[in-house]
Amino acid sequence: MELSWFILTLLLTVYKSNGEIRQEPEIFANRSSTVTLTCEHDNSDHYSLFWYKQAKGTVDLSLMVFSASQNQANIEEPFKTQDSKYAATRPEIKKSTLQINKLETKDSALYYCATSTQYYITAVLLNNNHNVKTAPCFHLSFMMSFPVPFDHRHAKINDKRLTLVCVASGFYPDHVSVSWKVNGVERQDSVSTDTSAQQNKTTLMYHISSRIKVNDTDWMDPKSSFTCTVHFFNGEKYVNVTNTINGQKGL
């Protein structure tokens, strides 16, 4: 019997105000079966919800689902297929599910759920008819994941670090870079950023993610600050969009 390995590690998403996300840390399932991943959070102001997939052996996050409101959840390309392998629901603002059918080995991955309010900044989008329109939809949010074992039967967690994930979405064009600061000092080690921004084929907007590993002792200090800055071209000039999350004692 072949097992497909699913790990859900997204425990917290922060955008200006704190919000906690609750979901199962690990799911083991048989090949060809169906699993339903559940994401619940506690902030009724977080209308936007995202599901991401990080395949084993990669650092990039792929956007699977975008939901802008209750009762609305769209599967994104290339996950939107005719055989309906994936299905998503948003029955409540504070709850979403992602269903994966006909499990295959390639479905073994990390699945992240993120929620946020919107951060708006003017972006210029050039469509196929060369008409310019305003797309005020830049979005920058944090996710946090704890280290988990590959196989709970044999592995142990020795890494005392956790991973902060910064996700920027809704920008155009794709001229973008990401940097991190810890307590005001730029950090380059233990940082991993997507090799390139990915485009949503429906909206034509781009998204990119970057990850930094931090010591649990630093994270447990409420005085610690972790800042993600996205430097991008909005069609007219280069601008910086920054978001900061502070350490949280007890997590």
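Going from the start of the chain as shown, residues are counted 1 onward.
Any Cβ shown, glycine's included, is placed from N, Cα and C.
Those TrEMBL annotations? Automatic predictions, nothing curated.
Taken from TrEMBL as is:
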| type | residues | note |
| --- | --- | --- |
| DOMAIN | 32-116 | domain 'Ig-like' |
| DOMAIN | 136-246 | domain 'Ig-like' |
| SIGNAL | 1-19 | signal peptide |
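Mean pLDDT across the domain 'Ig-like' (32-116) comes to 84 in this model.
As a summary of secondary structure, the domain 'Ig-like' (32-116) carries 3 helix, 48 strand, 34 coil according to DSSP.
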